[in-house]
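Going by TrEMBL, these are the annotated features:
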DOMAIN    72-319  domain 'G-protein coupled receptors family 1 profile'
TRANSMEM  55-79  transmembrane segment
TRANSMEM  91-109  transmembrane segment
TRANSMEM  129-151  transmembrane segment
TRANSMEM  171-195  transmembrane segment
TRANSMEM  227-256  transmembrane segment
TRANSMEM  268-285  transmembrane segment
TRANSMEM  305-322  transmembrane segment
Amino acid sequence: MFCAGSLLKLYSYCPIPSHTLRLETHLSLLFSSSPSQRKLECSMEGGNTTTVTEFAVLFVTFLVVYLLTFTGNLLMLLVISTDSHLHSPMYFFLSHLSFLDAFYSSIIVPKLLEHLLSNWKTVSLLECFAQISLVIFSAATEACLLSVMAYDRFQAVCHPLLYAVAMNRKVCTGLVGASWAIGMGTGLVNTILLAQHHFCGPNLVRSFACELPPVLLLACSDPSVSIAFILTSTAILGFVTLVLLLGSYTCIIMTALRINSATGRSKIFSTCSSHFLVVTIFYASGLSRYMTPASGSVLEQVLSVQYSVVTPLLNPLIYSLKNQEVKAALRRMLTKKPRLSS
């Protein structure tokens, strides 16, 4: 048996310890006894009126967050693609980040909303592995894109005269292509290694989505190879991109301090502070989730929500509300009068 927790205090029929039920909600995901079926069946039942109320509040909260995330990122894509003033390397990278964030949130939240609505849930192993692969792919790609965007700002602030040469179209396309390729490769290899394991029960996974650390605990076979690879890939990808980020922002801040214009310093610090907020939330939660042993604590679920739900919501808000060019482009798009055909 395989039970997975959510964020509500619901009592399921999974034969699990009573202290676990007191700590958090549980969705019961049951492995089919027949290997040919290879499905995870989920059942969940609320215990009282308070539980139903919490259930409704969670559903509405995640639904609103998802709609804001999806709409905000699509709006950023639309503004960047239609306004010629935003056809620059910075916004080229931002358009890819917006597309990725809309995709990233769509991997997690719709399935979570489905689980919150239904009493009986069935999740195939193939679907679970696909979600794991896409989550790793999205997180790895976003880490690369954030470091690429920091490098772009480094070139723009520290080497403005060489910026057009250093960040030409070929370089920008190559950096974005490499980011997507690294993300795809990381997600694919980790999922292939996970699929080699034999899974059995009874087991308990406290998570609201299929993620590698908690699902890997279900493996009856030796998981050392998968653990070694996920730790290695997370360490290399996470820390290398983080060093590039911190190095770029350090150089940007040092350059800003040498600028005599108070307006110029203010603009640079405003941009860097908003970017650094997103980076801190994403890296702190992501590295903590994948570099530490899975324990099923509430903190782990909060970390998962931060990098998979909160960060995709914050990106369009920060990059648009803190960016005068994006706000001006948005005003131009909203006030543009449609042409009447003669």
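Cβ coordinates come from backbone N, Cα and C, glycine included.
Below 8 angstroms of C-beta separation, residues 90, 93-94, 96-97, 100-101, 103-104, 107-108, 111, 175-176, 178-180, 182-184, 186-188, 190-191, 194-195, 209-212, 215, 233, 237-238, 241-242, 244-245, 248-249, 275, 278-279, 282-283, 286, 307-308, 311 of the same chain, each at least six residues beyond the ends of the transmembrane segment (129-151), sit close to that stretch.
In the predicted model, residues of the domain 'G-protein coupled receptors family 1 profile' (72-319) average a pLDDT of 84.
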